[in-house]
Amino acid sequence: MSNLSVNAIRFLGIDAINKANSGHPGVVMGAAPMAYSLFTKQLHINPAQPNWINRDRFILSAGHGSMLLYALLHLSGFEDVSMDEIKSFRQWGSKTPGHPEFGHTAGIDATTGPLGQGISTATGFAQAERFLAAKYNREGYNIFDHYTYVICGDGDLMEGVSSEAASYAGLQKLDKLVVLYDSNDINLDGETKDSFTESVRDRYNAYGWHTALVENGTDLEAIHAAIETAKASGKPSLIEVKTVIGYGSPNKQGTNAVHGAPLGADETASTRQALGWDYEPFEIPEQVYADFKEHVADRGASAYQAWTKLVADYKEAHPELAAEVEAIIDGRDPVEVTPADFPALENGFSQATRNSSQDALNVVAAKLPTFLGGSADLAHSNMTYIKTDGLQDDANRLNRNIQFGVREFAMGTILNGMALHGGLRVYGGTFFVFSDYVKAAVRLSALQGLPVTYVFTHDSIAVGEDGPTHEPVEHLAGLRAMPNLNVFRPADARETQAAWYLAVTSEKTPTALVLTRQNLTVEDGTDFDKVAKGAYVVYENAADFDTILIATGSEVNLAVSAAKELASQGEKIRVVSMPSTDVFDKQDAAYKEEILPNAVRRRVAVEMGASQNWYKYVGLDGAVLGIDTFGASAPAPKVLAEYGFTVENLVKVVRNLK
């Protein structure tokens, strides 16, 4: 029976990829046995309740092998993955896109495809489970108690981010993380002996993982036994499973020819004969469906029913905790953060927005028990520390400060995993110039609709002495170009509070907070509530103004000062703070016209970053005071003066406009 089911997985993949004339059959054919063993003997999932929060998680880090996952979901009874959807693999509007997409297809626990990010994201799942278990489980009531399983390939383990995350997972002793390594000695360009020769198991042993070897990737009992041993090891586990890529293909197995191209009609016919598969394309024997129903769907439904009974009893035994758990199960924060939680600020108060961020962050932490995060070894520079808590580790699982180490990319992927798990609000920080290191993870935050908060400090050439390697220029423009990411560059402590409030109440959009090292004065025109519009008027000296200054962040202080100087010279001027171009762009036409009247063409945008995205606001008649070269090393006042970010120069720029 098991051999028939394994071959059903293989041929669903082969047939769908042939029909699409696109895809990666090799991993489907080679990894089918380990995937079958995992689904039928280990995974607790319920196709009728795909979002059950205590389900085991499965991450196909080798996302190019998506038909392996779609075949498993179809056979297990997930309604989203019907046979018609299998036949529509990689087609417009289907539930079976080329790589797995979270939120698009029920049963997909994470978007994967960019190699290395799946295994790294899985680390976040495991850490989320550990925190929630420590927070809410009580004796006899293991409400949060599940494993995170991964299938990865050689390519995943070549990527640096997987090494970052594995080092971190070993240090944290995340013992409910089990990785099955599809070790087939082949990559897209040829054999791995030409590019990847170290002992992976030795490396993972050094990280503090349990490791094991299954020499025959078709030995279901050996795979099952290895997983059982791994679960009892007390460590994260890597099980190397030696497989043959394209198993069963007489002429292509064991070669890179089967990695990323359909088998084609002739080779498919030969493979059917070689594996004894006497069924038509997309024909699955009823006994295969029965096998998956018994060992996946029914087993999962029983586990779900037992868990719901446990939760009901928990509500009786621990009603206060149960109220928070119920919110988490429903996909809500256990406590609502409101604007009233943030203290009022006096005009004239001066503070760096990174410090204002720490104040706001701690307001959130005091209110929301499931709010946690950290920094890539810069907590006391990024100001990301929750003051009431210590560092989280295996011995201190309830602490909410996470020390990610100098692992920016892994930090982002781990945050994604924690957000995907559900039940948590998470954040992570680094210097803004190093947002490049984490950007690929930010992109998956945005693509998956995860409300992760990224805290990026030291936001401009005002860093000064550290010089151009640490002075962001192009970074704001790059992040603003990313769909479904709200970038906030607040002007002062008041706007910073508002940005944090919007970040921790966001449902489907991540947030990047771009913050200063230097002090900024709270302007009398800044407004907590208006930050939600993305842009608003902070200064105006005449109703019939004919000039608009648009600024963000530290340049709002500069723009207001310049506007007051211009006003003293008879100019009629408006200053607009635009903390988020992303949010402002989503406002209706009437609001945009209210803030930036089309009739007023004399406009200057002021920002210490690349100028390119500001012309949409100032037009061809306006000007941009920005930076389109790299920065320089000198004390900050000297750097700012040399780059023209002074009241005198801004006044001159405005005066030069017709």
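Cβ coordinates are placed from backbone N, Cα and C, and glycine is handled just like the others.
Since we're looking at a predicted model, the values are computed, not measured.
Swiss-Prot names HIS24, HIS259, SER381, HIS458, ASP466, ARG517 as substrate ligands; from the candidate set ARG354, ARG407, ARG489, ARG494, the record adds ARG354 to that same site. Swiss-Prot lists ASN184, ILE186 as Mg(2+)-binding residues, and of the candidates ASP109, ASP145, ASP154, ASP219 the one it assigns to that same site is ASP154.
Each residue contributes its Cα atom, and for PHE434 (thiamine diphosphate binding site) and GLU408 (active site, proton donor) those atoms are 8 Å apart.
When the Cα of HIS458 (substrate binding site) is compared against those of the recorded positions GLY113, PRO114, ASP154, ILE186, GLU408, the shortest separation belongs to GLU408. Among HIS64, GLY113, PRO114, LEU115, GLY155, ASN184, HIS259, PHE434, the residues given in the record as binding thiamine diphosphate, the maximal Cα to Cα distance rounds to 35 Å.
For the recorded site, ARG354 (substrate binding site), the DSSP three-state label reads helix. In this structure the alpha carbons, written CA, of LEU115 (thiamine diphosphate binding site) and ARG354 (substrate binding site) are 33 Å apart.
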